[in-house]
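Novice: The structure is given below, and queries will be raised subsequently.
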Amino acid sequence: MKTYNNTKVIIGLSGGVDSAVSAYLLKKQGYEVSAAYIQCWKEPGCRADQDRKDALKVALILGIPFQVLDFSREYKEKVLQYFYQEYKAGRTPNPDILCNSVIKFGLFYDWAIKSGFDYISTGHYAKIIDGCLAVPKDKKKDQTYFLYQILPDRLKHVLFPLGDYLKSEVRKIARENKLTIAEKPDSMGICFVGDINVPQFLKQKFGIKKGEVQLSDGTVIGEHDGHWLFTIGKRGKWKRINKIQNTKFKNDQLPKLYVIAIKPKENVVVVGERKQAERQEFNINNLILKDKNSLSNVFVRIRNTGELLSAKITLLDKDIWQVRLTKPEFGVSPGQSAVIYKKVKGNEYIILGGGIIQ
């Protein structure tokens with residue numbers, strides 16, 4: 001087995017099993033490993049305090065240096081404010097993508113290289129093939145969707161130890177090496193939301209602002225508490241008005257209705273039947289792309305748990321690109337990312353880049 005003596009790597013130790021096992025594997029391979037807990041959020045009710053304690057316990061068990069890096073101010077300025085701004089504008093952001101590019105593979109990366117480390121590492125399920133981000137062995141845990149904004153030149157100094165492991169194998173390694181977090185549940189959702197869901201969190205921030213729920217023809221069928229509580233393709237909670245006029249639906253026979261558009265200036269939510277929430281074509285901007293000449297025979301993923309969808313991508317105007325899917329897809333949400341994949345040797349998929357859905 002190849003060893004990496006005198007090669008310095010610092011891992012972002014999150015307090016979870018994935019980064020803990022990653023640290024163990026790096027040490028086993030001979031790297032000179034240090035650990036840092038990246039502090040992004042300090043508010044009461046967040047799991048950060050327990051995570052930091054768990055990360056320290058793992059570092060003590062592995063016998064590696066440990067420190068806390070506080071990026072909470074930058075996180076609030078660059079990630080949280082973006083989160084608020086996008087929901088207020090009627091879009092659905094993905095703060096985890098921004099956290100990775102700005103904090104973990106931005107500020108943390110910069111700090112590590114300046115501090116003399118050769119590599120940074122995290123517990124993400126991802127691989128690097130020929131300098132490209134690639135889909136890991138465990139397809140169910142694939143986190144490449146969240147990582148597409150990492151700049152290509154930075155991947156040279158990034159290690160993803162879990163790229164060739166299944167989650168079940170990772171937990172087994174943790175148990176065998178008596179890591180205290182072996183059975184700790186995976187973190188779900190967004191840290192700063194805490195123990196409530198996103199709509200509740202946004203209601204606490206923005207309050208309640210009554211608005212109309214309309215059909216696509218403008219017929220008013222109900223009211224809601226604020227357009228920021230809705231995303232495309234979701235059903236959401238809204239109150240039906242007592243009497244609906246000028247509609248093909250009878251008042252007591254409304255079908256399942258889904259959000260098909262959000263009008264933030266008017267504070268209006270437009271709903272329709274499921275087919276109306278499908279799109280085969282959409283535009284993306286802010287494109288990060290490794291090679292603009294390799295956009296033939298590609299796939300896109302429009303949500304982190306979504307399938308790889310066959311697509312054709314063409315340049316419309318400057319930074320505006322059109323994505324045309326082979327067939328319509330439900331719930332394409334403005335503000336989310338469309339990440340571009342390409343099949344290469346064998347059954348491997350690399351990430352070419354991605355952009356923000358308009």
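Even glycines carry a Cβ here, placed using N, Cα and C.
All annotation found in TrEMBL is predicted automatically rather than curated by experts.
Here's the feature list from TrEMBL:
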type     : residues                                                              : note
BINDING  : Gly12, Leu13, Ser14, Gly15, Gly16, Val17, Asp18, Ser19, Ile38, Gly123 : ATP binding site
ACT_SITE : Cys99                                                                 : active site, nucleophile
SITE     : His124                                                                : site 'Interaction with tRNA'
ACT_SITE : Cys191                                                                : active site, cysteine persulfide intermediate
DOMAIN   : 200-273                                                               : domain 'tRNA-specific 2-thiouridylase MnmA-like central'
DOMAIN   : 293-357                                                               : domain 'tRNA-specific 2-thiouridylase MnmA-like C-terminal'
SITE     : Gln336                                                                : site 'Interaction with tRNA'
Novice: Looking at the binding-site residues Gly12, Gly16, which sits with the largest number of other Cβ atoms within 10 Å of its Cβ?
Specialist: Gly12
Novice: At its widest, how many Å does the recorded ATP site span between Cα atoms of Gly12, Leu13, Ser14, Gly15, Gly16, Val17, Asp18, Ser19, Ile38, Gly123?
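Specialist: Pairwise Cα check on Gly12, Leu13, Ser14, Gly15, Gly16, Val17, Asp18, Ser19, Ile38, Gly123 gives a maximum of 16 Å.
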Novice: Give me the non-local Cβ neighbours of Gln336 (site 'Interaction with tRNA'): same chain, 6+ apart in sequence, Cβ-Cβ under 8 Å, ordered along the sequence.
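Specialist: Listed in sequence order: Thr92, Pro93, Asn94, Ile302, Arg303, Ile356, Ile357.
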Novice: How would DSSP class the residue listed as 'active site, nucleophile' in three states?
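Specialist: In three-state terms, the residue listed as 'active site, nucleophile' counts as helix.
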Novice: Across all the protein chains here, work out how many other Cβ atoms are within 10 Å of the Cβ of Ser14 (ATP binding site).
Specialist: 24
Novice: Give me the DSSP three-state residue breakdown of the domain 'tRNA-specific 2-thiouridylase MnmA-like central' (200-273), ordered helix, strand, coil.
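Specialist: Within the domain 'tRNA-specific 2-thiouridylase MnmA-like central' (200-273) the tally stands at 10 helix, 22 strand, 42 coil.
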Novice: Could you state the CA-to-CA distance between Asp18 (ATP binding site) and His124 (site 'Interaction with tRNA') to the nearest Å?
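Specialist: Here the two Cα atoms lie 7 Å apart.
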Novice: Quick one: pull the CA-CA distance for the residue listed as 'active site, nucleophile' versus His124 (site 'Interaction with tRNA'), whole Å only.
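Specialist: Their Cα atoms are separated by 13 Å.
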